[in-house]
Structure formats: C-alpha cells, structure tokens
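Please see the structure below; I have some questions.
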Amino acid sequence: ANRAAEQAFGILGTICWTVQLIPQVWKSYRDKDTHGLSHWFILLWGISGALQGIYVILQRLNIPLMIQPQLFGFLSFVCWGQCQYYGLKRSRKVAILMTLGMMIFWGLFEFVFIITLRPMHNRGYHTPANVFGITSSVTISVALFPQYWEIYKCGEVVGISILFIFVDMMGGVFNDLSLAFKDEFDVIAAVTYTLVIVLDGAIIVAALILNPRARRRRRREA
C-alpha cells in the first residue's frame, strides 16, 4: 500500500468529480435549454451520490473519497433543477423548491442511515453498508439508460456536455487508481468507479460516431 499515492489519486478524482458537472451546468444555462439531457439520468445520479456517501463514510475510505459523493450529488441535483426549469418549463420558484427539496431529503436520508448503521458497522456487521454500495453501483448504471434512450431518439448526442462526460470518466480512472494503492482493495467502490468509466466511454463513442452522421444528414437536407 502507498498512502501518498492513494491520497494523491483520491484528490485528483475528487477534483474531477467536483468540476465535472460544471460544464453541464454552464452549457444548460448558456443555451437556456436541456433538450437531449435526460432529467431521469441526472436525478438518479443525485440519488446515487447519497447512497455512495453512506457506503464510503461507513467504510472510512480516504477523506477525498468521502467528499466526492456529496459534491457529485449536489451538482447532479443542480443539473436536475435546470432540467425542470429549462426542459420541463416549470416556474423558476417551483424548480428551485424542487431542487432544494431533493437535496434536503437525500442529505437527511444519508445522515440518518450513517448514524443508525455506524454502531453495527463498527461491530463488524458490514452487510447494510455493502447493500448501499451495491445499490449505488446499480443506480449509476441504470441512470445511463434513460440518457442512451435520449441519444437514440435524437440520433446524436445533444444537450449533454462532452467535456462533462470526459472529466467524469477521468474521475472514475483516478478513483480506481486511488483504491489500487489502499491497504485493502475495496471491490464494491471499484465496481462503481469502473462502471462510470465504461458507461461514460459509451457516450463519447456514440458522439464520435453519431454526431458527424447527423451533421452530414442536416447538410444534405439543407
């Protein structure tokens, strides 16, 4: 194990997963439009942040990996709020209240389960924590399917920032590397991070293949 390398890669992963959604927030704000971005995808990512937060805090992973899910969930809910306002045309007040409601509910959900499960986890009963870790992995995976459906319907990758997806993917790479230098390799956390790499990579490949085709199709129709 190499504590310095574990912390260094954990910090790089945290930086990526702190800023990865900022290009998406900016794109949606600049365009005043979220067409092509699935609000179910981004909502499920926000929820997965709370589930992953319970797991990593109970497991006492390094500090950067504990902070990550909180920032990831917060920014996901901000993006979800933009989908409510720009995409579903809800009023600004309603969109803000819905976003704050989601943040408060899932923040309290995470806090209550950490406090409740900590004593039994400390006694060596790790099953509940593992359930949250596995559920987080499943949620992150399932979340991408509504986005793949949006890509299929549009025939190209629109509404979603490719920079966001790339930085998100690199965050998964750095987080996996951080775990590789830990005393005891955490398989459940690694599965979560690796799924992010694979599923984000699929969106980038789709953009490289479908977007040039869509541009050529529009030129022919012009």
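Each residue, glycine too, has its Cβ placed from N, Cα and C.
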Tell me which of 70-88, 127-145 corresponds to the transmembrane segment entry in TrEMBL.
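The range carrying the transmembrane segment annotation in TrEMBL is 127-145.
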Of the listed stretches (37-58, 95-115, 157-175), which one yields the highest count of Cβ-Cβ distances below 8 Å with the transmembrane segment (187-210)?
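Most contacts with the transmembrane segment (187-210): 157-175.
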When you scan the chain for residues with a C-beta under 8 Å from the transmembrane segment (37-58), skipping those not six or more beyond its ends, what do you find?
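For the transmembrane segment (37-58), the far contacts come to 24, 28, 65-66, 68-70, 72-74, 76-77, 79-80, 83-84, 87-88, 102, 106-107, 109-110, 113-114, 117-118, 121, 126, 129-130, 132-133, 135-136, 139-140, 142-144, 146-147, 149-150, 159-160, 188-189, 192.
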